[in-house]
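Q: Take a look at the following structure, please.
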Amino acid sequence: MSRLDRSRYASLYGPTVGDRIRLADTDLFIEVTEDRSRGPGLAGSGDEAVFGGGKVIRESMGQSRATRAQGAPDLVITGAVVLDHWGVIKADVGIRDGRIVALGKAGNPDTMDGVHPDLVIGPGTEIIAGNGKILTAGAVDCHVHLICPQQVPEALGAGITTLIGGGTGPAEGTKATTVTPGSWNLARMLSAMDDWPVNIVLLGKGNTVNDESMWEQLRAGAAGFKLHEDWGTTPAAIDACLRVADAAGVQVALHSDTLNEAGFVEDTLAAIAGRAIHAYHTEGAGGGHAPDIITVAAAANVLPSSTNPTRPHTVNTLDEHLDMLMVCHHLNPSVPEDLAFAESRIRPSTIAAEDILHDLGAISMIGSDSQAMGRIGEVVLRTWQTAHVMKRRRGALPGDGPADNARARRYVAKYTICPAVAHGLDAQIGSVEPGKLADLVVYDPAFFGVRPSLVLKGGFVAWAAMGDANASIPTPQPVLPRPMWGAARGPAAASSLTFVSPAAISDGLPERLGLATPVVPVEDVRRRGKADLPENTATPDIRVDPDTFTVSIDGEAVEADPVRELPMAQRYFLF
């Protein structure tokens, strides 16, 4: 019996157990720990489901006679390396009715051993060759200012399939505060998002002590609230908003009081009173109690996130932040008080500590802050740049060795399952698991985290790296991220979800607005805490010196040491 060496096997079928894969040009490697696509034992080798001329998936060979009515999947992605919060495995991934049905071995049970019963390939099954590729869940951007519709193509081209945030366009309120305020604006934005192949979670304005004004927004389609200092994040407003959120079962996102006008970080934590809350840009450059908002990452009830302009700490990070602040918060550089406000938020010591807290799993999520001090197309990229910098600085995480699976699982969770859990979306999205919407991203390993090869929305290709449409084959230059058939209006709506509060469902919102996109309620998140955020549950002791702004984590002071060079940068981008 002839045997294949590892190199030859990988070239035919993709890497298998024990093989390591470099992520883009970083120092990070993942190792395949299980291969479900091979079949039972070593005898399964050579019996993998592979598509192409003279290959396996042909009539009466790897393709069975099973009809769709008999359970054949609509799509199988063959031999992909799945990177998710729960592990790194190789599998064939089956999709039916837009949802993942199984991860295992696909093929024809009449001719092949070990075929998963939900992965029986039939004449109605499409194939995507995932062999040699990396597959992740679609990214969830947990901090989106909906300033312009052009953000959506940028997001999709970077592998983002879910947007959490708010806005109405380039209004001053939207440019600063991530809020879609009031029932009229919510109806307009829900209608506007109906045409795009993304899931949407709109946040209403929580800065009020009037309960009915918040319930009105919940009935109108808000799936949570945003508390923002530009609208006045006082202890009274925090308490009132959380009281309504507790009753409604929705999440609250917090941008606290940078100027400490209505209280200090201790007063905000007292107003939160142990209740679940999502703390945006926890480091503070994006806003929040100066200089010590970062200490909230130690609280078990606080679900902390970062926004991407401070990820990771580089020699250019501080310089770009001042101008961003002046624009985004409608400040005047000629007014000394406005300038002091901006400068108070930019601290190298807390930005440096943010790197460490991410690597510890103490800051659990990363979002963009799109066009409002953040870049929607760089959520995934900057997450992995941070992981690379931390490996170089801190070495392997516990459990890692030649490969970095523990670190990779922690960092992929920051933009997939963790924001999904935080906002009550995880029953539908956020991971590569059976039953969930097939929002999936396929990467060539050399471009991992930089540019996807394919972005699937609800099991249908919505975006892809595609060459000249007038060429004789799909690959001639220029190869650009382009919309595919899944981005057309009909499949875009059918393949996506609009998340709203349970109160909106009870009030008849889906029927009232007549949206084409399926409308589903968020899960109750009020009893969720950091312990529920996979791979990102740490609650270290965090202290900030009020005079020097030095941050100590579990008693150890963090020294600012910004990096001068990053991977996933000039090798891939001209600008």
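Sequential numbering from 1, following the chain as shown.
Cβ atoms are placed via backbone N, Cα and C, with glycine included.
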Q: Please pick, from Asp5, Asp359, Asp369, the residue that Swiss-Prot records in the Ni(2+) 1 site together with His143, His145, Lys226.
A: Asp369
Q: Taking 8 Å from the centroid of the Cβ atoms of Lys226, His255, His281 as the cut-off, which other residues in that chain fall inside it around the Ni(2+) 2 site?
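A: For the Ni(2+) 2 site, the extra neighbours are His143, Thr177, Thr178, Leu227, His228, Ala253, Leu254, Ser256, Ala279, Tyr280, Gly286, Gly287, Gly288.
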Q: Can you tell me the three-state DSSP label for His228 (substrate binding site)?
A: strand
Q: When you tally the Cβ atoms that lie within 10 Å of each candidate's Cβ, which of the recorded positions (His143, His228, His281, His329) has the highest tally?
A: His143
Q: Sort out for me which one of His145, Lys226, His255 has the most neighbouring CB atoms within 10 A, since those are the binding-site residues we care about.
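A: Per the Cβ count within 10 Å, the most buried is Lys226.
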Q: Cα-Cα, whole number of Å: His255 (Ni(2+) 2 binding site) versus His143 (Ni(2+) 1 binding site)?
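A: Given the Cα positions, His255 (Ni(2+) 2 binding site) is 11 Å from His143 (Ni(2+) 1 binding site).
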Q: Among His228, His281, His329, these being the recorded positions, pick the one whose CA is nearest to that of Asp369 (Ni(2+) 1 binding site).
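A: Sorting the recorded positions by distance from Asp369 (Ni(2+) 1 binding site), the top entry is His281.
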Q: Between His329 (active site, proton donor) and His228 (substrate binding site), how far is it from one CA atom to the other, in Å?
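A: With distance taken Cα to Cα, His228 (substrate binding site) is 11 Å from His329 (active site, proton donor).
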